[in-house]
Amino acid sequence: MNRFLYYLIFINMIANIIASVPRILILEKSNGAIIAMVLGTIAGLLITYITIKFYNAFPGKNLMELLKIYTPKWFSISVLIYFAANWYIAGSITLVTFTFVLIRFLTPEMPIITIAISLLIVVSSSLLIKTKSILYMIEITIVIFSPLIIFFLMKSVFNDVFEIDFVKIALMHINELPNYSAFTASTYLYIGIVNMAVFNTFFMKRIKLGILPLLILGAGGLFVISLTYFVPIGIGGFDKIDDLIYPWISTSDSIRMKFGIIERLTFFFLLVFLAIAILSISIHWHGACRLLQSALGLEKFKWKGHDLSPIFCAILFSFVSFLLILYLSEGQLFSYTTYFFNLLPVFFGISMVVFLVIKRRAAK
Amino acid sequence: MRVFTLAIILLLSTVIQSGCAFKDIDKRILIVAIGIDPAENSEGYKVTLKIALPVASVKQASGPRFAYFTEESETVGESLRILETHIDKVLEFGHVKAIVINEELFKDGIEDFMDYFTRRADIQLIAYVIAARPSAEEILKIEPDTEAASTVSLLNFFDDTGTESPYITTSFLFQFRRDYLGKGIDSFVPIIETNEEKNELIVNKAIVSGEGSDPIVLDQIKTKYYNSLFKSKAGMDYKVEDDNLTFMLYIDKVKMSYKIIEEDKKPTSIKINAKFVGIIGQSNHALSQDKLNHYNELSEKAIKEKMTDFFKTLQEAGLDPGFGLRYRATRLNSDGLYEKWEEAYKDLPIDINVTVKLKSTGALE
């Protein structure tokens, strides 16, 4: 089962390519993005390490169970609600961003309501399935789409129009103090690990934490963050790249498959990343739903033996997201996303406190 | 029961999918190229659309069929909106593959309307940017004799699947944007011309433009040098003359590297190394295989002269093929770095070192 841990982490890393992370980094391109990316990767790796180490002490137990056993009720409920809100927002950011991307690039004439409803139906269905099925869903998606993603990334880097001098200019801004927003955005790449709170039920064995796994995670994270940042710069130039609202979509539109089935790579890119985005949203929302269920004690909420709480979650989540899609403008979405990222250290801080409390009480 | 319900829901969901975002393909019309000229009567622009008309089958078609629409207005966006009222179908911009701009427009304010094309997300960023001489409208309306059904000649020049020549520069929309707006690099855009009978398209010149400097037109030779040095386009011919011996080189590999030499934190010169590998393709005298080294030297001298000429032209106009970019890319960023370069570039000595390696004298001695 250990491989699922890597899937969880990597799927979230890749999903961030189309979300706000590249734009945040690019906006800070001459404000210390480079050092921030390195520091963000180190911080992310550290958080991953601590989280895995914590759950290793409790194989097969998820956070909800642990909180219930070891902490007082007021503490566990408030922590769970806070966590559920964070999970939900993380999923919603990807959802709203992707809806905006779809209407801008793929189907400009379709009403936004139709796009929103069709995405919400797919994502909501992920709330109704078993937690274990989510893990299998991740595996299948990774198997099907990772060759395509690798092909796409290679195609964009090994391309005549990829101008290495622009990338070097970006690198030459290494002599600047790290930027806070860029730092939190880079840390966000490692957000996948927090899903262990829900999925640890299936990790019965200890997860190995030697040099090699950390090296894979560190190198993988560094690889993804540098592609996220440098590919748009290499193709779109350094000086005016910050004018592009979706740097990665524009980059994919700049790559030509001369003898491909379709010449314009964007559509191919959008469809592949649609799958990745839906998966990422599903993971987050599924987590949010499980946390909320546990916090509010929704397990008792039954009708003729059927558990109604996932349906309740699905309706609540979809409704709020629907309103967000309708009323947010792109600028608002971006600034709220930045606030959310900037508050990320608080989230990690609270996680650490929770880990510490549980560990202390368990040791007694 | 569950499966059945799910199947019903899935089937019902197909009702809201009717393809092409609710408008059928026969209600759409595909624009192949957009042409932009200065307006004739007033301030603003004249926009020309080249529209491909569908044919039932390629076998029946006698040749390509196009329709042209023209409209003048203050901005490009307005003209396109007005043109929507001239055509009964939806204008589909997703297939625009060429943006043809009157050469005159490069002189002032090209940013004004180029912004429109990058802002509209449905126009491909891999559309070609082309300069037109004498006017975009005229160039778009030419249907060359060699044009076959279901192809567009205008595009074949640039997409590297048809003709490939070192005289042809290719510039994509995203590339134009990044080079034009970039500091330390300027954009090279092909110029497309026509003959007197208006049945041919000719592409062998380029126009160089950048933010804040006047554009210049490169002649055939200089365009060829740009493409083979900076885009590594093979198949270039060089004429070498020495006393009464004249021969042509056929170069199939060009490699160029350059670096900026700096002293006392100020750029002092540009050092260029260029290597050419090829054969002799044509000669007015018998040649000897043993004297290849001698021919190498002759060619080196001739090529160096042409290269110096090419770089000097750009330098005098204050246009940059990418040296400034390299300067910025090899130094730690600091305030005023680019300004320092800009100041120095105009009279920076260029040190060119050419190596020619001829492999053979062709099939003849």
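Heads up, residue numbers simply count up from 1 along the chain you see.
In case you wondered, yes, glycine gets a Cβ from its N, Cα and C as well.
Per TrEMBL, the features are:
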- A:5-26: transmembrane segment (TRANSMEM)
- A:32-58: transmembrane segment (TRANSMEM)
- A:79-106: transmembrane segment (TRANSMEM)
- A:112-129: transmembrane segment (TRANSMEM)
- A:136-158: transmembrane segment (TRANSMEM)
- A:178-199: transmembrane segment (TRANSMEM)
- A:211-231: transmembrane segment (TRANSMEM)
- A:267-287: transmembrane segment (TRANSMEM)
- A:308-327: transmembrane segment (TRANSMEM)
- A:339-358: transmembrane segment (TRANSMEM)
_Sequence-remote partners of the transmembrane segment (A:5-26) [C-beta within less than 8 Å, at least six residues beyond its ends]_ = 33, 36-37, 48, 52, 93-94, 97-98, 101, 135, 138-139, 141-142, 149, 181-182, 185-186, 188-193, 195-196, 199, 203, 207, 216-217, 220-221, 224-225, 227-229, 232-233, 241-242, 244-249, 273, 276-277, 279-280, 283, 334, 337-338, 341
*Under 8 Å, at least 3 Cβ pairs, sequence separation 6 or more: does that hold for the transmembrane segment (A:211-231) versus the transmembrane segment (A:267-287)?*
no
*Same-chain residue ranges lying at least 6 outside the transmembrane segment (A:339-358) that approach it to Cβ under 8 Å*: 20, 24, 47, 50-51, 54, 63, 66-67, 70-71, 75, 79, 82, 86, 89-90, 93, 180-181, 184-185, 187-188, 194
*Against which stretches of its own chain does the transmembrane segment (A:32-58) lie, if we need a Cβ under 8 Å and a gap of at least six residues from its ends?*
5, 9, 25-26, 66, 170-171, 173-174, 176-180, 182-187, 189-190, 193-194, 196, 200, 203, 206-207, 209, 214, 217-218, 221-222, 225-226, 229, 348, 351-352, 355, 358-359, 362
*Residue list, the transmembrane segment (A:308-327) vs rest of chain: Cβ under 8 Å, 6 or more residues beyond ends.*
88, 92, 95-96, 99, 112-113, 116-117, 120, 123-125, 127-128, 285, 288-289, 292-293, 298-299, 301-302
*Residue list, the transmembrane segment (A:178-199) vs rest of chain: Cβ under 8 Å, 6 or more residues beyond ends.*
4-5, 8-13, 16, 20-21, 24-25, 27-28, 31-33, 35-37, 39-41, 43-45, 47-48, 51-52, 55, 62-64, 83, 87, 90, 131, 134-135, 217, 221, 224-225, 283-284, 286-287, 290-291, 338, 341-342, 344-345, 348, 351
_Selected stretch (most C-beta pairs under 8 A with the transmembrane segment (A:136-158)) from A:79-106, A:112-129, A:267-287_ = A:267-287
